[in-house]
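Asks: Here's a structure for you.
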Amino acid sequence: MKRTISGLSAAAMLLLGTSLGAQADTIKVGVVAPFSGPFALYGKQFQEAIQVYQAEHGTTAGEHEIEFIYKDSGGPNPDQARSLTQELLIKDRVDYLAGYVFTPNAMAVAPLLDQSETPLVIFNAATSAINAQSDYYLRTSYTLWQVSMPMAEWAYDQGIRSVVTAVSDYGPGIDAENAFVAAFQEAGGEIKDSIRMPMSTTDFTPFIQSIRDQAPDALFTFLPGGPPTFGFTKTYNENGLRDEGIMFLGTAETEESNLQAFGDAAIGLTTAYHYSADHDSDLNRAFIAKNTEMHPDSVTNWATIGAYDGTHLIYEMVEAAGTDGPAAIEAAKGLEWESPRGPLVMDPETRTVVQNVYIREVERDEESGLLVNREKGVIATVGDLGWGK
Amino acid sequence: MTRLMRIPFAVEALLIALLVIAFFAFPYNLAFVTRILIMVLFVLSIDLVLGFAGIATLGQAALYGTGAYAAGLFAVHVTAAPLPGLLIGMVAGAALAFLSGLVLLRTKGLTLIMLTIAVAQICQEVANKARDVTGGADGLRGIRMEPVLGLFEFDFIGITAYWYVAIVVFIVFLALKRLAAAPLGLSLRGIHESPERMLAIGAPVYRRQVLAYTLGGGIAGIAGALAAQVTQLVSLEVYSFTLSAEALIMLILGGTGRLWGAIVGVVLFMTVHHVAASADPYNWLFFIGFMVLGVVFFLPGGMIRLPQALLRLGRQR
Amino acid sequence: MSLFLNILIDGVAYGMILFMISVGLSVTMGLMRVINLAHGGFAMVGGVVAHVLMSEAGIGYVPAALLGIVATVALAWPLERLIYRRIYGFGDLQQVLATIGLTFLMIATVNRLQGSSLLALPLPTVLAQSVDLGFRTLPLHRVIVIGVGAVVIVGLWLLIERTRFGIKLRAAVDNRATAGAIGINTGLIYTATFCLGAGLAALGGILGAEMLPIEAYYPLRYMVLFLVVVAVGGMGSIGRSFLAALGLGLIETASRYLVPEFGTIFYFACIILFLALRPKGLWGRLA
């Protein structure tokens, strides 16, 4: 770890240090997330989750008042994420950072974290390698390996022996493909083909036809949320793959905010993921009831829960260590708590939460008439399986 | 403005004053001001290509991104000294501009625009596919710059970064100002206004345009290299259509064909974006939309014409 | 053989959708010589209105789609009178800026009213079926798109070549002053043509929503997609736009069957090759 601090930045640190000593009663948390543009929903979900947590637990942790400051990073834009983070650290003098939806945005601030010794809680970005860039990263979302490997193992246990993978051709898609292929072959299954679909694809028929021609037991996919996922699942349905018995396996594809738009085409899609709004627990029902009460238009999804648990983690760190970054990280390591998604442990090594991964199937809820991810199975206490890969 | 130009070194003095004022006025926002300066440089490169030489482009990000990746890879694999990295970024941007320009500049109009977009899209996909080299969508990481000239270390607040970028932008701006007054600049303007006439008087229109495009590519490459060195990470977004389009909007907002137009447009757009996005992120696009329409309807020549428009208004009263 | 047939069928179906969503742009950009980057915005408006009617008023797919098109035309009419009329006279760059500004306002409005998630246009069960072609199936929806596309191209050809309106339109486009001097109400012709373009955009947006789902950032997300069709087809010719859309659909589909890994690179390399070899057949006003 490079820890050379020039004279000027040492002065800045001094400035930071004194200010912190002076106003230890209020601890600020900078939240960097998209609040505008096509990904603005993330920022909105984060903000709502934080508000729910504060409504439930108050705005103080230990002796400290906690204040959140929001900054709009737009889409994947490391230049902006880094300069906003710098501004938060220098101007707003935050002691904790949170949010970060996109991997490059999170990666770009690693040197800043080391220099300022500021803990950063990732609410979303799911590439394992981020946490290796600095000791100050913590993650309350998930990693792609964490959910893709259990999917493969479960599929093999269900008697699925051959799979074609079809992922969007970019970092996260390839991560998901590698994880699934590794686990499925390890279990003894056959990968018939691995298709990588260009990001700009709007018509998925050619890929779906190729999969159909190879007649595997199932297909495994990973796509960015929104239009690509919509197009892929529609095409899967329209071309009769389901009728031919080719099962759909995925991860984040059926997340709740866009699920209703898929219509009946989504029914029967099987995914492995760490959170379903349909999770059967009193804690989860109370959490959703509170969120719906405070934000009637809001749809609770994995971004909401990532931010909610992240906020809990920050409260715990503040209570244990106040403004002392390294001590806060130590306090976070090994922390256990019960979340609406199930039991969580902050893994001391990977600094990503160890959690249950649920196998879900999309169904239409009889009571509400809405599409939900119904849990069909659970793989307990899964850590970040992609660490070091 | 024109009167100001006649005083020797007035422009230089004004620029230096602005840079010093910005430094002291925004001590906590240096990182943001540095991003504005890099964007100014990028938009200046479009101004040279579009405003002076009349080459319509919506794919300038191809050249910016290539400069960024070249400088980033150079820092990771060869040397982390900033100035050689800048040079590499410039050469990479210029080389791509030259090679693609040979084909592109045989066309014009919408065809040309489409070709520039296509080049940027191909670059983005190549960077995405070459994941082992570029890091793909996760970004190219591991860029840790050495001190500038071995003396000034990149600091936490961004003071070194600010002055480093400011000086580079200052030098390029002056070079472009010289170029605008030089025979090449005048010839480019002539080509912009009437390519047929320039052909008739025997000017090598195509070669001049390739030259201008190559120069623009070099400047865009420097801008990309600066961004890579300051952010210490390069992502696929450096090649995005949005970047090319936003930069073009900034240039037209400020006023094309004038170097100050690029500065005014970038500062205005990015400041409004920054302020509006922090005041009301969900609706900032309204502000930008109305601002863009307002300028195009009331100041068709761009914000740079505002003083003249006000003068005219004053005289009418 | 079946691979070849697959490429042919999917390519034509995809090309037809490309044509449907960009034909409106060919009309405004080609006939009226205005660089209308807000085209995708009109497609989105049609889709959003149809979505709201279906999800909140419970209206069926077909009437909602028709009302969506009507609403888009109703929006385009005053926009043309108040804004576009002035944009016609602008230089190219100002046209780009003005129509981008309009696009931003459309996006911001939809984002404000409907949020940024996907807005579904669920097909009625009758249309959500598949047609059996023997060796494979084709979604009925695509068959309908192909049918509507054919109707649109024949209708446009008849309108422009065989009606009084078409004669006046061609006269107004060729020389507005002369057309005005011989008593043609060029203002009205322009308004009507612009509304036609906007209505076609809405139709394309709604029919294409199965593939390009409606959401607030639709106009920016697919801007390049629309521009490619018009650039390759050349301005001012509905027929060539149609051929370009089919060709592009076939190339993209073929690349996805044959070289899925390098689909994007292959697609844009083809475009560069084509435009570099055949720049002359295209419209060259922007220079």
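Every residue, even glycine, has its Cβ placed from backbone N, Cα and C.
For reference, TrEMBL lists these features for the protein:
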- C:6-27: transmembrane segment (TRANSMEM)
- C:34-54: transmembrane segment (TRANSMEM)
- C:60-84: transmembrane segment (TRANSMEM)
- C:96-120: transmembrane segment (TRANSMEM)
- C:140-160: transmembrane segment (TRANSMEM)
- C:181-203: transmembrane segment (TRANSMEM)
- C:223-251: transmembrane segment (TRANSMEM)
- C:258-277: transmembrane segment (TRANSMEM)
Asks: Could you name the stretch, out of C:6-27, C:96-120, C:181-203, with the greatest number of CB pairs under 8 A to the transmembrane segment (C:223-251)?
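Replies: It is C:6-27 that shares the most Cβ pairs under 8 Å with the transmembrane segment (C:223-251).
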Asks: If I count Cβ-Cβ pairs under 8 A between the transmembrane segment (C:140-160) and each of C:6-27, C:34-54, C:96-120, C:181-203, C:258-277, which range comes out on top?
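Replies: Looking only at C:6-27, C:34-54, C:96-120, C:181-203, C:258-277, the most contacts with the transmembrane segment (C:140-160) come from C:6-27.
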Asks: Quickly jot the same-chain residues contacting the transmembrane segment (C:181-203) by Cβ under 8 Å, restricted to those at least six beyond its ends, or write none.
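Replies: 20-21, 23-25, 27-28, 31-32, 36, 39-40, 42-43, 45-47, 65, 68-69, 71-73, 75-77, 80-81, 84-85, 88, 148, 152, 165, 168-169, 171-172.
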Asks: Under an 8 Å Cβ to Cβ limit, what residues of the same chain, 6 or more beyond the ends of the transmembrane segment (C:34-54), are close to it?
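Replies: That would be 21-22, 24-25, 28, 60-61, 63-65, 67-69, 71-72, 75-76, 84, 87-88, 92, 95-96, 99-100, 102-103, 106-107, 110, 113-114, 119-122, 197-198, 201-206, 208-209, 214, 216, 218-223, 226, 286.
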